[in-house]
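Residues annotated as transmembrane segment in TrEMBL: 50-71, 83-102, 114-134, 146-168, 188-205, 217-235, 255-275, 287-303, 309-327.
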Amino acid sequence: MISPTQISEGRGSQNSASFRETPLQIIHIIGNFMRIWSVYSMYRFLSQTGASVVLFIFSCLIPSSVIFLALQKPWKGRPLTNAQVVPSIINGGITALYFILWGKGLKSCGPVRAILAEYSGAVLGVLSALLYGWKGHIWKKVGGLIAMLTSFYFLSLGWATATSSPFSFKDILDTENRTERVLGMKEMAIPIFAGILSALRRVIARRVSLKNQLKRRLHAITTASATCFLFPVAMWDMIIGTSSEGSRQLPFSTWAYLSTILFGIILIFYVDSIAEERLHMVFSSPRHLMVAGGCIIVMEIVYKMDFSLPGFLICSIILGFGIFEATSLDRNRKGSQTPDLSNEILGDQIQMHSLPT
C-alpha cells in the first residue's frame, strides 16, 4: 500500500513542476500574442496599400535570416553532415512556398481564417494512420478530419464575422475594417494547404535534428535557404509589378515590417521551441489552439474587425475537437511519444521520446 507520505510527496512534486512551468506558459502566451499582433499589422498593411505579398515576405526574410545566422552560427561547433544540411536546404524551399501561400491566404481570407487554417497540418495524423495501418484509431482520425473540414467550411461561410454569422443579432455592421466576406472552400484551400506545408516543414526539422541546439543551427540554414528560394520569385514579381503599373515607390510601414521580423518570424520560433521542449506543447494541438484563439479575440476587438464571438467560438471548438481526434495516439503503444501525429509521417523506424532532448 502507498503511504500518506508518498502521496504527499507525489503531490508536492507535481505542484512544484506546475509552478516551474508557469513562467514558461506566460512566455508562450505573450510570444503567441505578439506573433498574432504582427499578423494583424501585416494584414492591415497589405490590405490598405495593396503591396505585393511576395516582396513583403522576402524583405522580412532577409534580415530574419541574417539575425538567425548571427545568433546560431551554424558554421561553428560540431560540423554538420550532408544528411543534415541537404534536408534543411530542401526544407527552406518548403518554407518559402509556405510563406507565399500563407501570405496570399492572409490577404484574401483575413487573419482569423489564415491563423486557424495553420492548424490544418493535423491532417498529417490521419495520413500517418492510413500509411501505417493503425486500424484501432482510423475512424477516430477520419472523424477528426471531418470535424476540421466542417470548421473550415463554417469559416469560409463567414461564421466568425458579425455580418455573415447566423449567431449575430446585427443585420448590417458598418465597421472600418469590413473587408472579410463570404468565401468558398476554393479560397480557403490556399491557407489550408499552407498549414499542411507548415506542419511538413516542422516534421522535417524535428527528424533531421534530434538535439535542440542542432535544431536551432539548422533552422538558421533553413531560413537562409528560404530567402534564396524566394529571391527569383520576388525579383520576377517586382519586374512584373513595375512593368504593369509603372515605376512607383514601394509602400513601407515600419511597424508592419519590424513586427513581422521580430515577432512573426524570430521570436515565435524560440517560443514554440520552448513550448515543445519544456511544456510538451506542439503547434498542432488543442492547447496551442486555445492560446491562439484567446489572442485572436483580443486582436479582433482592438482592431474593431468584423467579428462574431459566438461563431468564432463554435468554429474553434469544432476545430479543436477535430485536431484532438486527428492527432490521438494509440494508448496501447509502448513508449511516450509526442501528441502531434504529424511528426510520425517521417518517423517510421525511429523510436523517440515525447520530444527531442
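From the backbone N, Cα and C atoms, a Cβ is placed for every residue, glycine too.
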- [ ] Go through 146-168, 255-275, 287-303, 309-327 and flag the stretch with the largest number of C-beta pairs under 8 Å relative to the transmembrane segment (114-134).
- [x] 309-327
Task: Region pair the transmembrane segment (287-303) / the transmembrane segment (309-327), three or more CB pairs under 8 Å - done: yes
- [ ] Please give the sequence-distant neighbours of the transmembrane segment (146-168): residues at least 6 beyond its ends with Cβ less than 8 Å from one of its Cβ atoms.
- [x] 112-113, 116-117, 119-120, 122-123, 178, 180-185, 187-188, 192, 306-308, 310-312, 314-316, 318-319, 321-323, 325-326
Task: Same-chain residues near the transmembrane segment (217-235), Cβ under 8 Å, at least 6 residues beyond its ends - done: 54-55, 57-58, 61-62, 64-65, 68-69, 71-74, 77, 80, 84-85, 88-93, 95-97, 99-100, 201, 205, 208-209, 265, 269
Open item on the list: Using Cβ atoms and a strict cutoff of less than 8 Å, what residues sit near the transmembrane segment (83-102) while being 6 or more residues removed from its termini?
Closed with: 53-54, 57, 61, 114, 118, 190-191, 193-195, 197-198, 200-201, 204-205, 207-209, 214, 218-219, 221-230, 233
Task: Sequence-remote partners of the transmembrane segment (50-71) [C-beta within less than 8 Å, at least six residues beyond its ends] - done: 42, 99-100, 103-104, 106-107, 219-220, 223-224, 226-227, 230-231, 233-234, 237-238, 241, 250-251, 256-257, 260-261, 264-266
